[in-house]
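**Q** Right, I'll just put the structure down here and ask away after.
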Amino acid sequence: MRRLIRSTALLGLGSVATVVAAILRAKVLAALLGPQGTGLLAQLSTLTAVLVPLATLGMGNGITAMIAEARGRGDAFLVRRVRTTALTLSGLTGLTLALLAALASPWLADALYHDRAWTWVVLAGAATVPLSAIASLRVSILQGHQAVKPMAALNAVVAAAGIATIIPLAWFFGLRGAVAQLVVVAGVYAWASGRMVARHAGVPGGEEAAAGAVPAPRRALIDRPLVRPLLRYGSSALLVGLAATLTVLILRSVLVSKLGLGPNGIYQVCIGISGLYMPLILNSITAIVWPQIAAQRSDEETSATMREALRLGVLLMTAVTGAMLAGAPIWIPLFYSKKFLPALDLLPVQFLGDYFRTVAWFCAIWLVPKNRLRPWVLFDVVYGAVMLVTFTLLVDRVGLKSAVIAYVAGHVSHAVLNYALARKTLRFRFGPDNRRLLFASLALLLGLSIWTPRGIPGVALALAALASWAGLVVRPHEWRTAWRRAGGLLSRPAREAGNS
């Protein structure tokens, strides 16, 4: 548990700049473009969230698992071939998809915005697809090497590029500048990820040379025997990714057609916040846990690792969401604007969905490392179907709130299915401490959903409830570990200054 906390903290700290960049971008867009401009850019982000996984062919999880397994056997040659084959396939696919999206841009603009005047926005989004796809797979390569520090550094570099470009581009060029900034950041992401992989995950021939082996002869960029296993992982991951991204794309397109771009911009507060902190928590822990599970040979070891990961994930998620709900009346006007305050009615329900998403994620975290791909795909398809059906039934009755209710329903189904499978297959159990954590976290979030803070007294009461939750569920040694980590991080600058 301590190693998991330490590694997750390192990745999390490396992502602080990412959080700052995302907050700054949200504030700039809210101030300069308002809910309508925010909603328009949100649609573009949703489109690229569909196209980029398609360009990667879903190979990210497979790359991580195959590299981790090959490194465990000491097979440096296979590591290099997996990397080269995957990046070549993704580069060719990304360029093809970008071209197809550009050719279809008038029709895509019609489907997304119901207005072909926004064709140029789709064209800009298409340009980011091959760049983001290659960068995404390079992150998977770093995960396979358990290169935690380089991943944190990559987050910091990309975030710095975002911070340096969003204000001047959006200020001087408005919506066009905000769209162009996405292309610039995608370019920096591709460049920086290439540097990190070359330096920290080895370059062609580097690992073998370091081991004193004779360099292998040059081979084709695509190693055909590796294509099938990569695509076997990839097809499953692609279906899983599309189940989520296509669901959101369809949902938001219907929202735009029924309610307009403005309400879609309000909904972006929920999507944006969840998209900011949830991947930070889930991916940081997963980057450490997946290689561990892949190397484990017994169900007992895997279950123990899952319990630790689940506990850390739920602790972090509840602490973050509780603090954000408590301070929502303050940070929404601060980081967005007062025009976005209607999101206060949506956020508590959105965070309930995040709770069930976290539980589902860590109950399913063993599926890919253990090559159980069919249930992984099936359960995500069920999640998307439940979400869309719920949204369709409710959108004409409750309007914008139907989107967050559907999000909760989808992840409840996902959590139930994944827990049932883990319990049956691995004999996985939450354990008494985790059960108390899960019940207390759910009670806190339900309470804040029923009684959402609206002013300073409400904020104070919500913070008191959050402190009570922490006192109830956080174990003494977890407090001590967190305190030592915080003390070490705070004292590091002083030590470095003294050494200099």
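From the backbone N, Cα and C atoms, a Cβ is placed for every residue, glycine too.
So TrEMBL lists these for the protein:
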- 40-63: transmembrane segment (TRANSMEM)
- 84-105: transmembrane segment (TRANSMEM)
- 117-141: transmembrane segment (TRANSMEM)
- 179-198: transmembrane segment (TRANSMEM)
- 230-254: transmembrane segment (TRANSMEM)
- 266-290: transmembrane segment (TRANSMEM)
- 310-332: transmembrane segment (TRANSMEM)
- 352-369: transmembrane segment (TRANSMEM)
- 376-394: transmembrane segment (TRANSMEM)
- 400-422: transmembrane segment (TRANSMEM)
- 434-452: transmembrane segment (TRANSMEM)
- 458-475: transmembrane segment (TRANSMEM)
**Q** Going along the chain, which residues at least six beyond the ends of the transmembrane segment (352-369) come within the CB cut-off of under 8 Å?
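**A** That would be 61, 65, 233, 237, 274, 278, 281-282, 285-286, 289-291, 293-294, 302, 306, 309-310, 313-314, 317-318, 321, 375-376, 379, 383, 404, 407-408, 410-412, 414-415, 417-419, 421-422, 426, 428, 438, 441-442, 445-446, 449.
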**Q** What stretch in 40-63, 117-141, 230-254, 266-290, 400-422 has the biggest tally of Cβ pairs under 8 Å against the transmembrane segment (179-198)?
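**A** Maximum Cβ contact count belongs to 117-141.
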**Q** Can at least 3 Cβ pairs under 8 A be found between the transmembrane segment (40-63) and the transmembrane segment (458-475), with each pair 6 or more apart in sequence?
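**A** Counting Cβ pairs under 8 Å (6 or more apart in sequence), the transmembrane segment (40-63) does not reach the transmembrane segment (458-475), since there are fewer than 3.
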**Q** Under a Cβ pair cut-off of under 8 Å, which of the recorded stretches 117-141, 266-290, 376-394, 400-422, 458-475 contacts the transmembrane segment (230-254) most often?
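**A** The stretch I would name here is 376-394.
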**Q** Among 117-141, 266-290, 400-422, point out the range having the most Cβ pairs under 8 angstroms from the transmembrane segment (376-394).
**A** 400-422
**Q** Under an 8 Å Cβ to Cβ limit, what residues of the same chain, 6 or more beyond the ends of the transmembrane segment (266-290), are close to it?
**A** 3-4, 7-8, 11-12, 15, 18-19, 22-23, 26, 35, 38-39, 42, 64-65, 68, 143, 146, 148, 151, 248, 252, 255, 305-306, 309, 312-313, 316-317, 320, 324, 332, 336, 340, 342-343, 346-347, 350-351, 353-354, 357-358, 361-362, 365, 368-369, 400, 403-404
